[in-house]
Every structure is written in structure tokens, then in C-alpha cells.
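Undergrad: Feature list, courtesy of TrEMBL:
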type	residues	note
ACT_SITE	Ser17	active site
ACT_SITE	His44	active site
ACT_SITE	Asp140	active site
DOMAIN	5-198	domain 'CheB-type methylesterase'
Amino acid sequence: MTEGAHGIRQLIVMGASTGGPAAVTAILRELPLLDACAVLIAQHLPATFTAPFAERLHRESAWPVREARDGLAVTAGQCYVAPGGRVTEVVLDGGELRCRVRPPTPTDRYLPSIDALFSSAACLPGIRAIGVLLTGMGRDGVDGLRAIRESGGLAIAEARETAVVDGMPRRAREYGWVDEVVPLGSIAHRLTDLCQVGR
């Protein structure tokens, strides 16, 4: 697989709700910077909380982390947090990979939308999406994980025994839309292996 001007061959997208900030932080702390890979995170939080969350992740991990904004270029070795109260997707624009941040529609029940982020990542030609659905109630991210799996990406769900709330991962597992079930403490290691093998 060859990367375009954006330098990305694999895109890790993580989604979480209740219990997610601690889970995402734990993963990113253990995840080394990966060549030809970027990370995007949709964590259900109000708009005033996502920028501080991004700053915290930046301080506590090896990754440069920033809050996504509309039109922002997505580049390898960077991590982006979807802003609260909006819908964030990733799109190819003239060979560049960019964030598209838009107001929600009436069908966007949860914000930032995990389904929208995952589904957009599944549609990028030449880029393998790796979806990681973490702790949270409800079903946001379930359909997006299915889209990733059906497009040839890899769908990972957090294991029941480590999820603070096993709602979203459980539904994805029950529907059969998960390739791997991984406990929280092993997710960073698994992602590292996947991205290194994909070089």
C-alpha cells in the first residue's frame, strides 16, 4: 500500500463515550509514534471540554495532539480530537487528507459522532482504516465499525472485562461486526503491531 501526499497508509480512528477519556489516555500513553499513520478520536464530550482533552493527551503521550477544525490537513504522526457539539469526518481533497467539521443534523444523536468519523475513514482509497470502539452506552460507532470492516479495514472492540460501560462494544460484538476483541491494556500494543506490519 502506498501513501499519498498526506503520507498516511493507515488511519486509526477511536470512539468512546462514558469512561472514554481515561481509556483513550491509557491507549495513547502506550502508543508509540507510528510512521505513515495518523489517529483521530471521537470522544463524547461537550464543546468546551474537547480542546482541554486534546491538550491533556498532548502532554501525556508521544503524539502531537490538537483539536480538529474544518479544513485542517491530516498528516502522518499526528493525532486529532473531534470537537464537541460538531460532526467530524475525514475526506480526501485534491490528494490531501483533511478534517471536515460541520454542524450536526437532526439524525446526529451523539456528538461528536463516532459513526460519522468511522464511516468517513472507511471510504478513503489507498488508506486502511483501523476502528477501535471503546467503552460507552448506546450504539454510536456500531454502524461505523461495520463500514470499516466491510471496506477491508480492521474493526476492534474493547473487551467486556475492561470497559467501564460495555454498551457500544457489546452491540458491535453481538452484531458480528468486530474482527478482534481486545482488553484495554493490550490495545496500544495491538495497534503498534498492526501498523508496523502494514508498512
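Glycine residues also receive a Cβ, built from the backbone N, Cα and C atoms like all the rest.
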Undergrad: Cα distance, Asp140 (active site) to Ser17 (active site), nearest Å?
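TA: Distance between the two Cα atoms comes out at 9 Å.
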Undergrad: I'm trying to understand the geometry here, so how far is the Cα atom of Asp140 (active site) from the Cα atom of His44 (active site), in Å to the nearest whole number?
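TA: Their Cα atoms are separated by 10 Å.
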Undergrad: Does DSSP put Asp140 (active site) in a helix, in a strand, or in coil?
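TA: DSSP assigns Asp140 (active site) to coil.
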Undergrad: Per residue, counting other C-beta atoms within 10 angstroms of the C-beta, which of the active-site residues Ser17, His44, Asp140 reaches the highest number?
TA: Asp140
